[in-house]
Amino acid sequence: MCKNDEWIRLSIGYTMDVFTGAHELRHWPALLRPIVNEVLPSCRNVRAKAAEARSLLEPEIRRRRENNEKLLAEGKPLPKLSDTITWFDEMAKGRPFDPTSMQLSLSAAAMHTTSDLLTNAMYDLCANPEYFEPLREEIMAVLKEDGWKKTSLYKMKLLDSFMKESQRHTPTTIAMMQRKARKAVTLSDGTVIPKGATMAVTTDFQMDPQVYPDPQKFDAYRFLKMRQQPGQENNWQFVSTSPEHMGFGHGIHACPGRFFASNETKILLCYMLIMYDWKFPEGQARPKTWTHTLENTSDPTVKLLFRRREDDVPSWE
């Protein structure tokens, strides 16, 4: 399915319509939203694309299940597939679920967060152009020594630190790890969280001087220097989670796709840094982040100036 052009079109369109619809619905009183949801074009598009996606995905799911039943009846082992449909099945452990809704939800969650991460990284480079060359030098040195390998990305430690610093300054949300109390909880200081209350962890601590010295400064070397401390090598990687940095959440429900998102974004940044220069137009400062309820979104209206580079551009064959 990942190579099916129609599925790719639907996944992208669904993601765009979901966020457009959510944004438009927020302008209406909560009492009217169920009615408005039926008539807003973006919301109607969401339902239409979901129906199209279901017509594509359900035959594939039926085929897999019928094949598995046949193999089990013949006493043969089931194929070990590494994809989200199989993952959903494994995690469900026999419980009923809607594969189409889950796949579309995963696409919506993955696409906008990764594109937003890349956009913020590009904005941060424009706002801090002194990091262009150090990043390029590291990328070129690693590629000349190892070429394009998964392990090459691990060796790009300044790039890793730069991305984590960018995420520290602009997390995807102002409050992480939203949860609902299933029963009343009394905290150590006596505070009582009543049953049914919704809670979340604010990301303000990522700008707390008690956690990060000079937190307002954008320091691409910040996490690289922290990793150089004895015993801290693996604690401050981009994909690492901790109570001090919840860019991907924390604990057992930390983002499972963060490793893929990290590699994807690093590859894109490597290519762009080697092939292009970019900057804000004259007089343009780093744009402010848009915040809707709890969600942060990079300003999509900003235009950047690009120029193709000629020096030190390797072959991408």
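Any Cβ shown, glycine's included, is placed from N, Cα and C.
Look at TrEMBL and you will find Cys255 tagged as heme binding site.
Cβ neighbours within 10 Å of Cys255 (heme binding site), excluding its own Cβ and spanning all shown chains: 18. In the three-state DSSP assignment, the secondary structure recorded for the residue listed as 'heme binding site' is coil.
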